[in-house]
Amino acid sequence: MPALLNIVLLIYLLPAVDGTGYIQTKFREFVNINGQRYDGTCCGPAPWLWGSRKKTNCGEPCKHAFVICMGNVTQSSSMSACEYGSKKTESVEGNKITFDDHIGYDENPLKFPFETWPGVVKLKIKINDNSDSEEQLVDRVEYQYNTRDLRREIDAPVHDVTLQGERTRLDVELKVFCAMDFYGPACDLYCKETDDVTGHFRCDPVSGDKICLNGWAGADCLTNIDDCVGHGCALGATCVDGLGYYSCKCPPGRTGHTCQHEVNECSSSPCVNGGRCKDASNGFLCECPPGFAGILCEVELNECRSAPCLNQVID
Ligand SMILES: *[C@@H]1O[C@H](CO)[C@@H](O)[C@H](O)[C@H]1NC(C)=O
């Protein structure tokens, strides 16, 4: 196939939009032990000039290109009946190929998106040989896979399949899972976690149900729960609603989480000049020693000012 046509075909075959889920095919290993095509001819040149090209073991490696067609259960074996998309890889040389993260230039695994849950999928693979100028059939295999109880990508089970053809064997891993933000056994429940004016929730990883963040309620978790209902703030304190909690604003003279403690105003030793502090419900009193006065006993009394002394005693 000319390169340009190949590129055009690839763009046309690749689905542009992402779906609610994916059917994933990962190639593991491919074996064409005899290096033969479907009709028994060798992929490589004939081993002997005069010999027949039909050999039981040709020796030369084939150039295998894979056409993968993901059809639904009612679709025929035709390689053009591919409800969930199709893909043609570049050719890979070798009669025994172990795949890593690429099939030719294509990424391994291949992902086929679906918009609605497919139920049973029909995986059809055609293997061609590109050794000659004209593409030749090597093999074709088909496999029906019953997908159900779909899950997130990390939890989805991997299904190992050996596709045995006439000439070849292909080991693949199948995995079907929901796309990001889609949940439920059919990947048809949408949930995208958010924490802004559109809602305050995360998504249950199994059911896809909205789980309100702490302090929020309602269908989209847009109602701020009044956490002050039945609050435990002490008498005289004001309850302040938070997100999933409340706090207490204490009146003067009280402290603690629920304003349960009385402030000991004497703890800072406010009285001076030997005054004795006495705690009160919202403040303190200083008992001043003789010769001192004032709220904090800060005033020194001049006891001579009243002139108590007789006979000119000078103090
Ligand atoms: C299978 O695909 C064909 C062609 O797109 C469609 O008409 C048919 O309804 C599909 N069947 C199922 C079971 O999805």
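Backbone N, Cα and C define each Cβ position, glycine as well.
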According to TrEMBL, the disulfide-paired cysteine of Cys297 among Cys288, Cys304: Cys288
Cysteine from Cys250, Cys266 that TrEMBL links to Cys259 by a disulfide bond: Cys250
Work out, from DSSP, the number of helix, strand and coil residues along the domain 'EGF-like' (224-260). 0 helix, 11 strand, 26 coil
Indicate whether Cys221 (disulfide bond) is helix, strand or coil by DSSP. coil
Rounded to a whole number, how many Å is the Cα of Cys288 (disulfide bond) away from the Cα of Cys178 (disulfide bond)? 80
Cα of Cys203 (disulfide bond) to Cα of Cys259 (disulfide bond): how many Å, rounded? 38
Could you tell me the mean pLDDT over the domain 'EGF-like' (262-298), as a whole number? 86
Cα distance, Cys187 (disulfide bond) to Cys212 (disulfide bond), nearest Å? 21
